[in-house]
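Let me begin by presenting the structure, written as structure tokens, before commenting on it.
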Amino acid sequence: MYLLVDVGNTHSVFSITEDGKTFRRWRLSTGVFQTEDELFSHLHPLLGDTMREIKGIGVASVVPTQNTVIERFSQKYFHISPIWVKAKDGCVKWNVKNPSEVGADRVANVVAFVKEYGKNGIIIDMGTATTVDLVVNGSYEGGAILPGLFMMVHSLFRGTAKLPLVEVKPADFVVGKDTEENIRLGVVNGSVYALEGIIGRMKEVYGDLPVVLTGGQSKIVKDMIKHEIFDEDLTIKGVYHFCFGD
């Protein structure tokens, strides 16, 4: 049994699998565990006796301050050194200026895509930030980063005197008739339009590539963005393939 961890800025996903095909997963707020013992106190009730079966731990983290917690947790409770996801040559080539700057979550997504769906495609991951990644002939060619949906609404709320904090959901109208509708239209629908523009330009240059959609906020716009594949476990699958796959 393997423990797979995706440490994000807002939430962290913990998943267990035997074969990299079926996954059980749990989502925790990243800020709730500041020590290895706090992390154990949250995970032990969820994993139960399964913890005794863990023989490997793989981690994709974009929060460096949590890496020490994960390392100590792995050593103290499993006597295992975790394997960390990072860009390196293997099943994927990294055709960017500084591969070490590519976030571990994006590395995991690209590895999972190449392993499971093919060597050509576009990956949209909607989390705290929204990322777009391009894979051509098994080579990671780069991508784009946008603010995430919740980041946008919180930014408007915190950065202004009067704008409210609104529910993040799609707008089914062309123009907003009150402040809340204006924000929803600008944030949610505006993000979709931006993604469509980025994807459209990539397809003009690289061909009609399939699009895979993933990420904790992707369900909000799932019916608005044209995509061929929806895979909410893409990042976790990538952690498995990178750390324990062939």
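Here the Cβ of each residue, glycine as well, is placed from N, Cα and C on the backbone.
What you see is a predicted model, and the numbers here were worked out from it, not measured in a lab.
Following the DSSP three-state reduction, the secondary structure of D105 (active site, proton acceptor) is helix. Remark: D105 (active site, proton acceptor) has D6, G8, A60, V62, D125, G127, T131, T235 as non-local neighbours, by Cβ distance under 8 Å and separation of at least 6 in sequence. Per Swiss-Prot, the feature active site, proton acceptor maps to D105; the stated evidence is sequence analysis.
According to DSSP, T128 (ATP binding site) sits in a coil region rather than a helix or strand. Residues annotated as ATP binding site in Swiss-Prot, with sequence analysis given as evidence: D6, V7, G8, N9, T10, H11, S12, V13, T128.
Residues or ranges marked as substrate binding site in Swiss-Prot (evidence: sequence analysis): G103, A104, D105, R106, T179. The 10 Å shell around the Cβ of A104 (substrate binding site) contains 23 further Cβ atoms across the protein chains shown.
Summarising the annotation, Swiss-Prot assigns K(+) binding site to D125 and lists sequence analysis as the type of evidence.
Neighbour counts were taken at the CB atom with a 10 A radius for the binding-site residues D6, D125; the maximum falls on D6.
Other C-beta atoms found within 10 angstroms of the C-beta of T179 (substrate binding site) number 13, with every protein chain shown included.
The Cβ of R106 (substrate binding site) has I123, D125, T131, D133, G143 as same-chain neighbours under 8 Å, each 6 or more residues away in sequence.
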